[in-house]
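Student: Take a look at the following structure, please.
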């Protein structure tokens, strides 16, 4: 079960909170967790991306895992910050339904909060395979499939 707080700081249309909960729970690998998902605009995403990653411009999803001090019980996984305009643009560019891309970004971010990464090729393969399996369980296509123009 997930205790999800959804913060909407973007004027873009986004899926409802039930969808975010479904996607986050599908990716959850422990019995209970607390997660904050903040939906932001390009400006906030770009500022956070610059501050925490040293990168210019907005990005689709940022993950901020909560590091629990040793010996302290805590269900807080951390925060996800998702840029609505970037998700919408990427879905259009990749020729996929926007809701499927939202689901992918939530699943991707949730896996980061739980220690998955994609810096090394072997880690990326493990993470991507996990994402594909979770999304398949939600009835969605492989987000990494080749998109071929018709």
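Placement of Cβ uses the backbone N, Cα and C atoms for every residue, glycine included.
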Student: Out of 32, 118, which is the one Swiss-Prot records at the Zn(2+) site of 108, 112?
Tutor: 118
Student: Looking at the binding-site residues 108, 112, 118, which one has the fewest other Cβ atoms within 10 Å of its own Cβ?
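Tutor: Looking at the binding-site residues 108, 112, 118, the Cβ with the fewest others within 10 Å is that of 118.
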Student: Using an 8 Å cut-off from the Cβ centroid of 108, 112, 118, can you name the remaining same-chain residues around the Zn(2+) site, in sequence order?
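Tutor: What remains near the Cβ centre is 61, 63, 109, 111, 116, 117, 127, 131.
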